[in-house]
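Here is the structure we will look at, set down as structure tokens.
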Amino acid sequence: MRLPTKEEIQRYWVNEGNKLILVILYTLGNIAAFVYTFVHYYNSPAFEVVGYGVCFARGCAQLLKLNCALILVPVLRNLLSFLRGTFLNNYVPFDKNIVFHKLIAWVICFATFGHVMAHFNNFRLYQDITPQEYKRILGIDYPNLTPIKYAFATLAGWTGHVVCIVMVLMYTSAVESIRRPMFEGFWYTHHLFVVFFGLLVVHGLHSILEPTSFWKWVIGPCALYIVERLIRLLRSKKTTMLIQARIHPSRVIEVRMKTERFKYKPGQYLFLNCPTIAQNEWHPFTITSAPEEDFVSCHINVVGNWTGKLSTLLNPDKKMGIVQENVLKSPDGKPILRIDGPFGAASEEVFKYKQVILVGAGIGVTPFASILKHIKYQMARTYNTTPLIDKVHFYWICRDRNSFEWFSGLIGELEMENHNNFLEIHPYLTGALSAQEIRDVMYGDEEKDLITGFTTPTQFGRPKWDEIFADHALRYAEKDVGVFFCGPKLLSKSLYKASTHYTKTTTCRFHYNKENF
């Protein structure tokens, strides 16, 4: 078997290095915690009582402590946004925070299962041990109970079963097919983690093996979480004015807002709340305005329950174009909108590269709107100076031709002001055209494309990523290219695969980044 060369390792490291290190450290930490505890109890008097059952139960309990201490960290969005601005951003994959949060949750799930199964076995063995043997081996007085009483009549027993019920509620509501249509239910059940942590604190109060220590593991992360919530609460109290709501084709609402002291970077996102719809329901949306503009905007795709209600609230007459202006309060007197943020995202990293590939699928184009606007303003302010990015390849994939109208004005301006040809636009239409539209395209002779209104012609069908990446790999040999994507998972897999493949097989290094919030 051939070992990989130094160059192959370096190329693998481009997209996998920091993730691999984090997973290795996390795995080693879990193994060390389990093995240390297992060996400790193997050499303790308790092993004489119930054997390997106590070793396995306590090892799983140690995994629970470690992972419960970690699970809040990936959702501390303000902390992660701050850390993005430090040297740690070069080593820690902050964009994978939700993936890591889910990984920790699964480890907690399996550790809980192992802990419960081991103790069910231990309960069976406890009944065969007399109080005298407890006294002789462990030096304590302990009653002889039936397995049922151990499981349900002791503090550790009944709290453990309630913890399992809470976990079932939290885990099932987090399944995507349930979370998306019933987000508020997910929000409330996920906050049962407070009950979960509280029960685990008291779970070990009557332990005969060691003093309870769960609280020592979680007090730090819980303190950070409280600070996080206080920051978000204070920010959400700031007055937000809806200065304009505009209805675009293909069920997209553009909301432009003004609020106090809201500084952000291109590519970041915010959380939006409409108290009239749901007091505690916050949804993430990419910021589509640029920092140079005197408002903050989001483009919202009307696809779910909450966005549907927002559409009805802002556009009761089902009109197109501008439907609301300068609104502070909803008809019920509550604030029309509340903002929390901004928060860091993958697209923030775009200015680290001199050559970038931006891929937006449908409404996934939103983070790149902010970036392209920012570049436009920078070019206008610093004409003929060194640009922020040497070359931008912008791929916009839409199923519906009307979707191109969302940012047609911006794209048109960029095409006209395309200094040094820094921007290449590649619009793709994947949906079918009507017979009339086909005739217009075939026989039209306008200077602008009849589908998009851009000067760049529309391509039909899906992009051929292998050909595209092969071309870029030749064009940017020995260079680093940032690849940024926002859109569906299936397309993300294709782009990630292409980025990894052409990084390994050519001299170009494609750094893949995906929006994930």
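Each Cβ is built from the backbone N, Cα and C atoms, and glycine gets one as well.
Feature annotation from Swiss-Prot assigns topological domain 'Cytoplasmic' to 1-19 (among others); the stated evidence is sequence analysis.
Annotation comment: Swiss-Prot describes 20-40 (among others) as transmembrane segment. Outside the transmembrane segment (20-40) by six or more residues, the chain places 55-56, 58-63, 65-67, 91-93, 96, 100, 103, 107 with a CB less than 8 A from a CB of the stretch.
Look at Swiss-Prot and you will find 58-201 tagged as domain 'Ferric oxidoreductase'.
Same-chain residues lying 6 or more positions outside the transmembrane segment (63-83) and placing a CB less than 8 Å from one of its CB atoms are 29-30, 33-34, 89, 92, 94, 97-98, 100-101, 104-105, 107-108, 111-112, 115, 197, 200, 213-214, 217-218, 220-222, 224-225, 228, 231-232, 342-344. What Swiss-Prot lists as transmembrane segment is 63-83 (among others).
A mean pLDDT of 83 is what the model gives for the topological domain 'Cytoplasmic' (84-97). Annotation comment: Swiss-Prot describes 84-97 (among others) as topological domain 'Cytoplasmic', evidence class sequence analysis.
Residues or ranges marked as transmembrane segment in Swiss-Prot: 98-118 (among others). Long-range contacts of the transmembrane segment (98-118) within the same chain, counting only residues at least 6 positions beyond its ends with a Cβ under 8 Å from a Cβ of the stretch, are 22, 26, 30, 53-54, 56-57, 59-61, 63-64, 67-68, 70-71, 74-75, 160, 163-164, 167, 171, 174, 516-517.
Sequence annotations record features per position, and here Swiss-Prot assigns heme binding site to H101, H115, H190, H203 based on similarity to another entry. The secondary structure of H101 (heme binding site), as reduced to three states from DSSP, is helical. For H101 (heme binding site), the same-chain residues that are 6 or more apart in sequence and have a Cβ closer than 8 Å to its Cβ are I71, P74, V75.
Annotated transmembrane segment per Swiss-Prot: 150-170 (among others), in sequence order. Among residues of the same chain six or more beyond the transmembrane segment (150-170), those with a C-beta under 8 A of the stretch's C-beta atoms are 108-109, 112, 115-116, 119-120, 123, 126-127, 189-190, 192-193, 195-196, 199-200, 202-207.
Feature annotation from Swiss-Prot assigns topological domain 'Cytoplasmic' to 171-184 (among others).
The feature transmembrane segment is assigned by Swiss-Prot to 185-205 (among others), with sequence analysis given as support.
Residues 41, 44, 46, 54, 58, 64-66, 68-73, 75-76, 79, 138, 140, 142, 156, 197, 200-201 of the same chain lie 6 or more positions beyond the ends of the transmembrane segment (207-227) yet place their CB under 8 Å from a CB of it. Residues annotated as transmembrane segment in Swiss-Prot: 207-227 (among others).
Swiss-Prot lists 228-517 (among others) with the feature topological domain 'Cytoplasmic'.
Annotated domain 'FAD-binding FR-type' per Swiss-Prot: 229-349, in sequence order, evidence recorded as sequence analysis.
Under the three-state DSSP scheme, S289 (FAD binding site) falls in the coil class. Annotation comment: Swiss-Prot describes H283, P284, F285, T286, I287, T288, S289 as FAD binding site.
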According to DSSP, folded down to helix, strand and coil, what is H115 (heme binding site)? helix
Can you count helix, strand and coil residues in the topological domain 'Cytoplasmic' (171-184) using DSSP? 9 helix, 0 strand, 5 coil
Rounded inter-Cα distance in Å - S289 (FAD binding site), H190 (heme binding site): 32
Nonlocal neighbours by CB distance (under 8 Å) for H115 (heme binding site), same chain, sequence gap 6 or more: A57, C60, A61, L64, G160
Number of helical, extended and coil residues in the domain 'Ferric oxidoreductase' (58-201), per DSSP: 115 helix, 0 strand, 29 coil
To the nearest whole angstrom, what is the C-alpha distance linking T288 (FAD binding site) and H190 (heme binding site)? 29
